[in-house]
Amino acid sequence: MRTLWIVAVCLIGVEGNLYQFGNMIFKMTKKSALLSYSNYGCYCGWGGKGKPQDATDRCCFVHDCCYGRVNGCDPKLSIYSYSFENGDIVCGGDDPCLRAVCECDRVAAICFGENLNTYDKKYKNYPSSHCTETEQC
């Protein structure tokens, strides 16, 4: 039992905000963030450059830009407070930085949900060599 508890604590520490973001994405799309949105287009996944390939990829571009405007905490590791109320994502807590990170994730998850019809499997594992002419935020 103690080993299970230690593993759970370690997983929470490692996943942090990325787990929360993935949970938001699943709630809004019914898709796995890891399987569907990591390494999609030019912006979904680690890093990002080039021109967004479709509306789904643009959600990731806007999310990257939003993270770039967050000051005072690491967006990918920060653990924030949020809930789901009547189908909506509600960010909570008093820390302005954590709320900003939550809002970035909330807006992106909603964007994915609103653009499910643009998701195109041809952009999954899209070669980064095709991502040129980077747009500005």
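Even glycines carry a Cβ here, placed using N, Cα and C.
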Task: Name the one residue among Asp64, Asp74 that Swiss-Prot lists for the same Ca(2+) site as Tyr43, Gly45, Gly47.
output: Asp64
- request: Quick one: which of Cys73, Cys104, Cys111 does Swiss-Prot link to Cys97 by a disulfide?
  value: Cys73
- prompt: Of the residues Cys131, Cys137, which one does Swiss-Prot pair with Cys42 through a disulfide?
  reply: Cys131
- request: Could you identify, going by Swiss-Prot, the member of Cys102, Cys104, Cys111 that forms a disulphide bond with Cys66?
  value: Cys104
Statement: With neighbours defined as other CB atoms within 10 A, the best-packed of the binding-site residues Gly45, Gly47 is Gly45
Query: Taking every protein chain shown into account, which of the disulfide-bonded residues Cys44, Cys111 has the largest tally of Cβ atoms within 10 Å of its Cβ?
result: Cys44
Alpha-carbon distance [Cys102 (disulfide bond); Cys111 (disulfide bond)] in Å: 14
Message: Of Gly45, Gly47, Asp64, which is closest to Cys104 (disulfide bond) if I measure between C-alpha atoms? They're all binding-site residues.
response: Asp64
